[in-house]
There are 2 protein chains.
Amino acid sequence: MSNAAEEILTIFVISDSAGETATKLAQATMAQYPTVEFNLFRKTFMSDKAILLKALKEAKKLNAMILYTMINEELVQLIRDFCQESDLFGFDVLTAPVLEIEKRSGVAPTREPGALHHLNKNYFKRIEAMEFAVKYDDGKDPRGFLEADVVLLGVSRTSKTPLSLFLANKNLKVANLPLVPQAHIPKQLWEVDKKKIVGLTNDPNVLNGIRKERMIAYGLNPDTAYSDIDKIRAELEFANDLYEKLGCVVINVASLSIEETASMIMNALDLEDHSYYTTEND
Amino acid sequence: MSNAAEEILTIFVISDSAGETATKLAQATMAQYPTVEFNLFRKTFMSDKAILLKALKEAKKLNAMILYTMINEELVQLIRDFCQESDLFGFDVLTAPVLEIEKRSGVAPTREPGALHHLNKNYFKRIEAMEFAVKYDDGKDPRGFLEADVVLLGVSRTSKTPLSLFLANKNLKVANLPLVPQAHIPKQLWEVDKKKIVGLTNDPNVLNGIRKERMIAYGLNPDTAYSDIDKIRAELEFANDLYEKLGCVVINVASLSIEETASMIMNALDLEDHSYYTTEND
């Protein structure tokens, strides 16, 4: 018998739409096994019975685990039967919560594939938020502060740009401003509601490490003023003083991913993620 | 008895991390019921028993449906028992796929909350990809074409910027170039492997509508050259000619969301989403 741990495990994501939900779940699952090697196949836009069956046969051949999000009942049944007959592991991600809502509301689901991605009002708001984030990144235009849902402040390498883009995906308009001690603070910042401002900070030693690596990546000497620990401390002090004056929320991103920081920002500013969900009344 | 459809349905997302997976599932579920009103509460970073219990009691009070992703077995059991005793609907999103991998691989999961968001090599690649997308958006610097995993071409309003940002979230470096008939095509474009280029196109009437709306949003006359249907046809023709010369993949985004277009691009260019997943060997 071969050592199972050395085999490559195959996961099939099968979806009648873009497969975002099941892919996310597959990734969360795989992340629990850093020593296991995986092959992830995405079978998306599966709305045809014959094409779906072909994908299932492929999964069987590879003895794959199947994670699926399908809204068509007939196709769900097809996968369920196939998995049972072929003794394949299939996990139906969507059916249980969808049926529970039908039971509670007395309303039938639309059963439209990709309903999550309808080009509705919220969708276009999200597109707008993404364009907003690019336009008002890096303090490019301080007028953005007054239109933004969130204004991010922070010294270099506190994840301002990725955080802005990530929050834009949740329909939030984000502008950000890099802080350097010598920099002029745009007057618009003082006009922003402090409940919309987040000051990002970091540990001096973490910043020192990140910045050194960045210099090395640029082919430069790692020990420049940019990575000097005393200069970094002065920068952080300047930033923290400003945050205190503004009375804004402060988050130390030292050990946080952007997902975690974004979630904390939404909790702290009492913001909701309405990116994918809209009622007909909206 | 009140009309159930008029009540607000409450969904709790409970997670020991940022709750991205369960939130996505909640959104996909809600999207099936455009006439039902929902309240979505995210209870994230729940790693403490007492705090978790408080959230569960709140859910019970609101008769909420619970979608949860927890990796600590004791906390999973706590939610399971609570839901059973209180007759609440609880859907465990993560346990079944995690256990299946343990069974197949013989390896135990790390059981670390937020393993999806570890600040590993892939995480930093994603941050880099996001910064790359902002840097090389809108043809700002054609040198980006040669470093990019994907080069997006398209006339105005074919979702180049949001698509670039969305793909960046999947660790792909994307540069994009807006096409206008008078524009100079940077010489670097001809040096790019055509298997990395995607030409975006759209239906003239769809573009006409979008652009008119944009003009109205800007407070301008909707009937400008920008929204003129003949001008739009000429632009699209110019773009399609270029795509043919380049021999690149062409996608018509007329009825597609960015998630759908992104999924098609990944299928067409044979790219994988490795954003959240890495083995220790990577």
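Cβ atoms are placed via backbone N, Cα and C, with glycine included.
Taken from TrEMBL, the feature ADP binding site covers B:GLY154, B:VAL155, B:SER156, B:ARG157, B:THR158, B:SER159, B:LYS160, B:THR161. In three-state terms derived from DSSP, B:LYS160 (ADP binding site) belongs to a helical segment.
Other residues of the same chain near the ADP site, with their Cβ within 8 Å of the Cβ centroid of B:GLY154, B:VAL155, B:SER156, B:ARG157, B:THR158, B:SER159, B:LYS160, B:THR161, are B:PRO178, B:LEU200, B:ASN202, B:VAL253. The binding-site residues under consideration are B:SER156, B:THR158, B:SER159, B:THR161. Their Cβ neighbour counts within 10 Å are lowest for B:SER156.
For B:VAL155 (ADP binding site), the same-chain residues that are 6 or more apart in sequence and have a Cβ closer than 8 Å to its Cβ are B:PRO178, B:LEU179, B:VAL180, B:LEU200, B:THR201, B:ASN202, B:LEU207, B:ILE232, B:GLU235, B:LEU236, B:ALA239. Annotation for B:LYS160 (ADP binding site): same-chain Cβ neighbours under 8 Å, separated by at least 6 residues, are B:ASP137, B:ASP138, B:LEU152, B:LEU153, B:GLY154, B:ASN176, B:LEU177, B:PRO178, B:LEU200.
A 10 Å cutoff on Cβ-Cβ distances gives B:ARG157 (ADP binding site) a total of 22 other Cβ atoms nearby, all chains included.
Proximity to chain A, taken as a Cβ less than 8 Å from one of its Cβ atoms, holds for B:THR161 among the binding-site residues B:GLY154, B:VAL155, B:SER156, B:ARG157, B:LYS160, B:THR161.
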